[in-house]
């Protein structure tokens, strides 16, 4: 079996225009490299999920996970976003950081395993950047139905902030979206006594609403803050008061706050008003015990290869790691620096990719 270098793999992966949920042939390329692994295809509603798996012994099952899809490149690039350009120690292309670099490192690491007292798998999806409804979660549901869920998982999201090796994600905040609509009575602006202006009602308590912290956070989570993202009301005319005004907001919640806490807060704040509230839980917070074997072993490998002692955090947006937590799989996330995510001229350091590959290899060898 020919050995594939992680940089060679990355260079090829970056050529695929795998905009969600189209893999554009990337899975065929990966299948060619991992041709001695069992391959399980789980396709649903146009989303492709592939599990590559090899069992070496009766021990634990470690799953490396990631996504092959990327967001649209947009305009303004200095080079073709799907024709990787290597320059000054970096590779420029869409998906370089998020997250084909980690996928390439994972493929290289697992393909070279000769001895391991357990099972090694690689779970990849073509829908993480989109709705992610039929992606990683669907693959895990399939494994659960067969009693084959992994014991531990590593997700290759780009976690590092300023220096490679500085951050391991051991959890993520949840995400709750909400729309608050204050109802009033429309009327002529010259006769305010005959109207009920919902904007005035909203404004009277808005300082206590916008930016509200539902908790004080803890060692791993920042406070759960209500962030207003949009306000709409009226007909954009100067002589009619609106019949209602709507506020769209989001709460990235810790494990100390849930949807009921948000509902109770708003019900109390606007208890004397006519309003409607709609809340949607997009994802739940999770936290992997810092003493979990996957966290400790990953931390040791990061320190050994990068020379940096990583901190354990839960910041940033949501990721597919939450689905592993949902299925009670201990999960940690580690990848390259994340300073160009979804940006024009996205790039990744060649040195980081090579070190990331060594970290994944070391984790397997010493688990």
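In case you wondered, yes, glycine gets a Cβ from its N, Cα and C as well.
In sequence order, 70, 71, 157, 158, 338, 341, 342, 346 make up the list of same-chain residues 6 or more apart from residue 98 (Zn(2+) 1 binding site) whose Cβ falls under 8 Å from its Cβ. Residues or ranges marked as Zn(2+) 1 binding site in Swiss-Prot (evidence: sequence analysis): 67, 98, 157.
A coil conformation is recorded for residue 69 (active site) in the three-state DSSP classification, outside any helix or strand. Annotation source Swiss-Prot lists active site at 69.
Marked as Zn(2+) 2 binding site by Swiss-Prot: 98, 129, 342.
Among the features that Swiss-Prot reports, active site, proton acceptor is placed at 128. Taking a C-beta cut-off of under 8 Å and a sequence gap of six or more, residue 128 (active site, proton acceptor) has these contacts in its own chain: 20, 66, 67, 69, 135, 136, 319, 320. In the three-state DSSP scheme, residue 128 (active site, proton acceptor) is classed as coil.
Around residue 342 (Zn(2+) 2 binding site), taking its Cβ as the centre, 16 other Cβ atoms fall within 10 Å, counting all chains. A Cβ within 8 Å of the Cβ centre of 67, 98, 157, the residues given for Zn(2+) 1, is found for these other residues of the same chain: 66, 99, 102, 128, 129, 155, 156, 158, 319, 320, 335. Ranked by Cβ neighbours within 10 A across all protein chains shown, the binding-site residues 129, 157 are led by 157. Within 8 A of the CB centroid of the Zn(2+) 2 site residues 98, 129, 342, the other residues of that chain are 70, 71, 95, 99, 341.
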